[in-house]
Amino acid sequence: MAHCVTLVQLSVSCDHLIDKDIGSKSDPLCVLLQDVGGAWAELCRTERVRNCSSPAFSKTLQIEYYFETVQKLRFGIYDIDNKTPELGDDDFLGGAECSLGQIVSSQTLTLPLMLKPGKPAGRGTITVSAQELKDSRVVTMEVEARNLDKKDFLGKSDPFLEFFRQGDGKWHLAYRTEVVKNNLNPTWKRFSVSLQHFCGGDLNTPIQVRCSDYDSDGSHDLIGTFHTTLAQLQAVPAEFECIHPEKQQRKKSYKNSGTVCVKTCRVETEYSFLDYVMGGCQINFTVGVDFTGSNGDPSSPDSLHYLSPTGVNEYLTALWSVGSVVQDYDSDKLFPAFGFGAQVPPDWQVSHEFALNFNPSNPYCAGIQGIVDAYRQALPQVRLYGPTNFAPIINHVARFAAQAAQQRTASQYFVLLLLTDGAVTDVEATCKAVVEASKLPMSVIIVGVGGADFEVMEQLDADGGPLRTRSGEAAARDIVQFVPYRRFQNAPRETLAMTVLAEVPTQMVSYFKAQGWAPLKTLPAPAKGPAQAPQV
């Protein structure tokens, strides 16, 4: 299943609607439909605006947003003259199609209304703007304790804290710290938890804090507890006495079982993927295609580069699947595309980063179709050779990512798609390249084409722990996602993209967060005129 990134709210307005009513203006309503398995399904509607040819609808349209899929939308405008919910007996004033990705990456998108393909609805236009529905605030705290009671017979306590919020007459666990072993004066790691989860968004919601001694069998011993609110926690430095109720009742001389000290407590904004995209961050998409000899002679039907009578192969299918999603987030739709592992004319030297269009000074292709065309034209002009070296292309994209990072703004993020038929040859150099790239605003997606052994690729994916170079340097973050194409060859085409792109939003946000870069503080983008509107 696709992973829902967030909920998006769409605001809709129209201009210059055609009039279908005699003696008055139309009474328009907007219907939102989504392509579900090739059929249009209605999601929601706005209210009807009476007697208006340029309505601004007050009711917003809500839709779940998924980065890793192309969500095709259709907006239909109808003149409502009766009380029935069916639209078949209402006049159609025009419609427009686009993807949700186009809307969120444009912030505001204006499209011409069409009565049918090729027939405009007069001068009518529809303008759609997107807003993310969320409370992005998080509570970030640093907490320590002093002079906690000793609970273990043969050693000191192993303390941890639990924070509970009150709701519906119950206490709900909001956060649990790590355990600090054998320490009566522990300092816990700084932590962040969403404001909504911590206190329901209310700074005065009662909070209970429990300090306990960890036992491996689960029978944790209470050290002490106290009650507070987030408002009180923010009054740093704040100290709270841990009180053990039974000890307090038994001993008149009892004071406390230690104190908990809040060193820092801040409510901060935690930016989301859409915050960055709608703030103007461009996702730069680059493609690298494997032209090594192990693919087989392209003229042979057994070759992975063989173009079927329909003009496709596994390489192109994977490219279309991933590229069709990413292209919506790049405003100029110009994508650099490279090949590697081939002997290239005119001197027939092996190259591991040659431009597919054979123009090294301008390797950009116009849209995904442009990459496909360049690939088809390059295929008969090169000699498949080897070895399979990834490092040159990774380093190539990393140089551009490093230049972007020097701006110290969340303006650009780079996604490299590598399509390959076999295990990487330059393992050490590739590991080093990935580790260096992990410090930059970029992600690497590797799709394994064919039936080779891709064990080394799984190591690059590093799901079991951080990737390390031979010298022991660890990747700053996980930026590689690998999948074998044949796992998805019998699944719908969008399934591959859903799998390989699902981690990109998290990877992008984690990088910008680590750098401390907020989304670009740009003014809302001006509405695109109909002539500029992206074509779907």
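Glycine residues also receive a Cβ, built from the backbone N, Cα and C atoms like all the rest.
What Swiss-Prot records for Asp152, Asp213, Asp215, Asp221 is Ca(2+) 4 binding site, and it gives sequence analysis as the kind of evidence. As annotated by Swiss-Prot, Ca(2+) 3 binding site applies to Asp152, Asp158, Asp213, Asp215. Annotated domain 'C2 1' per Swiss-Prot: 1-113, in sequence order. Marked as domain 'C2 2' by Swiss-Prot on the basis of sequence analysis: 122-244. For 282-484, the entry in Swiss-Prot reads domain 'VWFA', with the evidence type sequence analysis. What Swiss-Prot lists as N6-acetyllysine is Lys170, and the listing cites similarity to another entry.
The shortest Cα-Cα distance between Asp158 (Ca(2+) 3 binding site) and any of the recorded positions Lys170, Asp213, Asp215, Asp221 is the one to Asp213. In three-state terms derived from DSSP, Asp158 (Ca(2+) 3 binding site) belongs to neither a helical nor a strand segment and is classed as coil. The two recorded residues, Asp215 (Ca(2+) 4 binding site) and Lys170 (N6-acetyllysine), show a Cα separation of 25 Å. Using a 10 Å Cβ-Cβ cutoff, Asp213 (Ca(2+) 4 binding site) registers 20 neighbours. Taken together, the residues in the domain 'C2 2' (122-244) have a mean pLDDT of 91 on the 0 to 100 scale. Counting every protein chain shown, the number of other Cβ atoms lying within 10 Å of the Cβ of the residue listed as 'N6-acetyllysine' is 8. Cβ environment of Asp221 (Ca(2+) 4 binding site): Lys151, Ser157, Ser212, Asp213, Asp215 lie under 8 Å away, each six or more residues apart in the same chain. Its Cβ placed at the centre, Asp158 (Ca(2+) 3 binding site) has 20 other Cβ atoms within 10 Å.
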